[in-house]
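Chemist: One structure follows; several queries about it will come next.
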Amino acid sequence: QDLPGNDNSTATLCLGHHAVPNGTLVKTITNDQIEVTNATELVQSSSTGKICNNPHRILDGINCTLIDALLGDPHCDVFQDETWDLFVERSKAFSNCYPYDVPDYASLRSLVASSGTLEFITEGFTWTGVTQNGGSNACKRGPDSGFFSRLNWLTKSGSTYPVLNVTMPNNDNFDKLYIWGVHHPSTNQEQTSLYVQASGRVTVSTRRSQQTIIPNIGSRPWVRGLSSRISIYWTIVKPGDVLVINSNGNLIAPRGYFKMRTGKSSIMRSDAPIDTCISECITPNGSIPNDKPFQNVNKITYGACPKYVKQNTLKLATGMRNVPEKQT
């Protein structure tokens, strides 16, 4: 281009972009190593190491599992009627009551976790002809023998244990969760001394379901001084339905029901400390920012979280291909 003037000077106009001394390597469909002037990391690869208590309501299980809190293990009484968005179970959690098992533990745990509440309503069950409120030295409540607070251990009265047949209708407009159990004595002598009959039976029914459990008498590994066990079961009673309990022995009866709710509550196993901070996304490793589209911290998440990927890094090129000028 000629410049105005009398000296016939010319200038050159260059179209292009600035190169940088040290570009960023990115992957493309056709090449694993392309250097560009600028790139943005898309993968969140670290956590804060702590769980933020805002905006989600975090309930720290401390020494209690969710199921122990549900049953009413004496050392978990502090959790009665609690609510949460995320229940955090710790590796140090332990049971400290009558040894038990839950045949479908994971399903019950998930059901209660998603409900987000341990709200419990006591009901007036009538248990005629039996002794109520059984306890054990394996389940101390203070200095005294105790039991799970949400369950009622029924044993013989005098020398009899009559057939029990109890009904409880659901006249409300929400689902009710009933927790009950079956006692498995360690010997035949223990069976008859508690329930008279040589073999008990427990049947729990609604219009939609029925469960019949026959106790398994026999010695098991000793736990807290006991070789007997309790198996825990549950029944959901829908509005308009009725709960029917029939038994001639070995029944661990419900004292009422847990009010079921629908929502997005959940549970997570983590030993990360809980802190006063704000984060929408929580993993077992701790909270993470959600300003990137991907994360590789943990597959398990709660809240509004980036999508999990296996890659440690994914970069988005935000600049042109970097071709520094070679000078001699």
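Numbers here mean position along the shown chain, with the first residue as 1.
Using N, Cα and C of the backbone, Cβ positions are placed for all residues, glycine too.
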Chemist: Of the listed cysteines Cys52, Cys64, which one does Swiss-Prot record as disulfide-linked to Cys277?
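Modeler: Of the candidates Cys52, Cys64, the one Swiss-Prot pairs with Cys277 is Cys52.
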Chemist: Going by Swiss-Prot, tell me which one of Cys14, Cys139, Cys281 is disulfide-bonded to Cys97.
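Modeler: As annotated by Swiss-Prot, the paired cysteine is Cys139.
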Chemist: Looking at Swiss-Prot, which one of Cys14, Cys64 makes a disulfide with Cys76?
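Modeler: Candidates were Cys14, Cys64; Swiss-Prot matches Cys76 with Cys64.
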Chemist: Disulfide-wise, see what Swiss-Prot says Cys305 is paired with, picking from Cys14, Cys281.
Modeler: Cys281
Chemist: Going by C-alpha distance, which of the glycosylation sites Asn63, Asn165, Asn285 is nearest to Cys277 (disulfide bond)?
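Modeler: Nearest listed residue in space: Asn285.
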Chemist: Work out the three-state DSSP category of Cys76 (disulfide bond).
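Modeler: Once the DSSP labels are grouped into three classes, Cys76 (disulfide bond) ends up as helix.
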Chemist: Would you mind sorting out which of Cys76, Cys281, Cys305 (the disulfide-bonded residues) have a C-alpha within 10 A of the one on Cys52 (disulfide bond)?
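Modeler: The disulfide-bonded residues close to Cys52 (disulfide bond) (Cα within 10 Å), listed in sequence order, are Cys281.
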Chemist: Within 10 Å of the Cβ of Asn165 (N-linked glycosylation site), how many other Cβ atoms can you find? Include all protein chains, please.
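Modeler: For Asn165 (N-linked glycosylation site), the count of other Cβ atoms within 10 Å is 12.
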Chemist: Output, ordered by sequence, the same-chain residues six or more apart from Cys97 (disulfide bond) with a CB under 8 Å from its CB, or 'none'.
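Modeler: Those within reach of Cys97 (disulfide bond), by Cβ under 8 Å and sequence separation of 6 or more, are Asp68, Leu71, Asp73, Pro74, Ser136, Ala138, Cys139, Gly146, Phe147, Phe148.
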Chemist: Any idea what the Cα distance is from Cys76 (disulfide bond) over to Asn63 (N-linked glycosylation site), rounded to a whole Å?
Modeler: 8
Chemist: If I take the alpha carbons of Asn63 (N-linked glycosylation site) and Asn165 (N-linked glycosylation site), what is the distance between them in whole Å?
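Modeler: Asn165 (N-linked glycosylation site) has its Cα 37 Å from the Cα of Asn63 (N-linked glycosylation site).
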